[in-house]
Amino acid sequence: MKALMLLTLSVLLCWVSADIRCHSCYKVPVLGCVDRQSCRLEPGQQCLTTHAYLGKMWVFSNLRCGTPEEPCQEAFNQTNRKLGLTYNTTCCNKDNCNSAGPRPTPALGLVFLTSLAGLGLWLLH
């Protein structure tokens, strides 16, 4: 009887944990999440959220499911020396727990829109 209860509990836990979903997209200023999807976590994996910053300015976020090939490893202030970007990665294991990321920086949105307007004027001449 105990073995049957243990087996039932194990199957139930596997079924519940197998249905955990994560957000999956690249979030950029002004546009928000690009190609928003949902991914299903594999057993033993976690949702990942990586935020990239240039100095203190948020540049983009990458939301995804961890995989056996790329398991979630929390890291703070990892720097890419070539690009000068700083990355912060967080992990979580609840349904849709990796949020869509920080709000866009207003100054960056203004720079982006001004650049688009300038490009449009240049193309018209």
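Yeah, the Cβs are placed from backbone N, Cα and C, and that goes for glycine too.
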Listed as N-linked glycosylation site by Swiss-Prot, one of Asn77, Asn88: Asn88
Recorded disulfide partner - Cys65, candidates Cys39, Cys72, Cys91, source Swiss-Prot: Cys39
Candidate nearest Cys22 (disulfide bond) in space, where candidates are the recorded positions Cys33, Cys65, Asn88, Cys92 and distance is Cα-Cα: Cys65
Length of the line joining the Cα atoms of Asn88 (N-linked glycosylation site) and Ser99 (GPI-anchor amidated serine), in Å: 14
The one of Cys22, Cys25 whose CB sees the fewest other CB atoms within 10 Å, among these disulfide-bonded residues: Cys25
Nearest recorded site to Cys47 (disulfide bond) by CA-CA distance, among recorded positions Cys33, Cys65, Cys97, Ser99: Cys65
